[in-house]
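Positions annotated as active site, for OMPdecase activity by TrEMBL: Asp63, Lys65, Asp68. Look at TrEMBL and you will find Lys65 tagged as active site, proton donor. Per TrEMBL, the feature substrate binding site maps to Asp13, Lys35, 63-72, Thr123, Arg184, Gln193, 213-214. The domain 'Orotidine 5'-phosphate decarboxylase' annotation in TrEMBL covers 7-229.
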Amino acid sequence: MMSAASRIFCSIDTTEIDAARRLAAQVNGAVGGIKLGLEFFSAQGPAGIRAVVGEDGPPLFLDLKLHDIPNTVGAGVRAALPLAPAFMTIHSSGGPAMMRAAAEAAASAGAKRPKILAVTVLTSLDDADLAKVGQAVPVADQVTRLALLAKESGVDGVVCSPAEVAALRAACGPDFILMVPGIRPVWAAANDQKRFTTPAQALAAGADHLVIGRPITASDDPAAAARRIAAEIADAEIGGAGIGGAA
Ligand SMILES: O=c1ccn([C@@H]2O[C@H](COP(=O)(O)O)[C@@H](O)[C@H]2O)c(=O)[nH]1
């Protein structure tokens, strides 16, 4: 069984290598891995990722949220394989052929392949936002629909908000990975997140991994913030919150 703190990926959203390296060092030991995404990759590219993660660094979640035609997404996943990410993201709304192309590209790396996660509905969106982009269905229904499609299309799991975790765990089974951003301790600001809960609530609902950025990285003391979150999760476990998720 994984420890609760090891389920946390700290999202390091910066354009600067030195800042990213400093944050990665500060949270080392209090989280299970780090997430680098569009902001950092656009500024620093693969060399920047290597500079932060190194040879024996923490597990890497490379969050590029690829969304294009199947050939391009497959090639994008293949091009990232030398970085040996543990997880990579694509958008489920790219459709089944695109998701299959990503899964097949990842499989070409063999045993050390990255797990492919399909983003369902971004945690910054609510029902009104979906309606504005022509998807006049409740977010929860759209997330379930996209997660089932992702599963059928051969990817390893999805990115969803904590609000959908319990329903997706029931619909997609125990082995389908649920990677969950939209995590806010009670003492943190919501920022641009619209669908969020506390870390302990997300784990109790059945999340496998939590993605936490600003509550840690915008803190005056990121190491202390990460340790505080890990302690709150541990307290909830002792208090019988029934932390779930896959081992
Ligand atoms: O639906 C999604 C998908 C990805 N994210 C990413 O997670 C982190 C969250 O950062 P916070 O500072 O904790 O809000 C960020 O890198 C997003 O790109 C997401 O929030 N929602």
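In case you wondered, yes, glycine gets a Cβ from its N, Cα and C as well.
Among the recorded positions Lys65, Pro70, Thr123, the residues whose Cβ lies under 6 Å from any atom of ligand 1 are, in sequence order, Thr123. Of all the recorded positions listed here (Asp13, Asp63, Asp68), the one with the fewest other CB atoms within 10 A of its own CB is Asp68. Thr123 (substrate binding site) is 21 Å away from Asp68 (active site, for OMPdecase activity) when you measure Cα to Cα.
Ranked by CA distance from Asp63 (active site, for OMPdecase activity), the binding-site residues Asp13, Pro70, Thr123, Gly213 have Asp13 at the top as the closest. In the three-state DSSP assignment, the secondary structure recorded for Pro70 (substrate binding site) is helix. For the pair Thr123 (substrate binding site) and Lys65 (active site, for OMPdecase activity), the Cα-Cα distance reads 13 Å. Cα of Gly213 (substrate binding site) to Cα of Lys65 (active site, for OMPdecase activity): a span of 17 Å. Model confidence over the domain 'Orotidine 5'-phosphate decarboxylase' (7-229) is summarised by a mean pLDDT of 97. In sequence order, Gly37, Leu38, Thr89, Ile90, His91, Val119 make up the list of same-chain residues 6 or more apart from Lys65 (active site, for OMPdecase activity) whose Cβ falls under 8 Å from its Cβ.
Annotation note: Lys65 (active site, for OMPdecase activity) sits in a strand segment as assigned by DSSP.
Contacts of His67 (substrate binding site) defined by a Cβ separation under 8 A and a same-chain sequence distance of 6+ are given as Val73, Ile90, His91, Ser93, Gly94, Met98, in order along the sequence. Cβ neighbour counts within 10 Å, taken over all protein chains shown, single out Thr123 as the most crowded of the binding-site residues Leu64, Pro70, Thr123.
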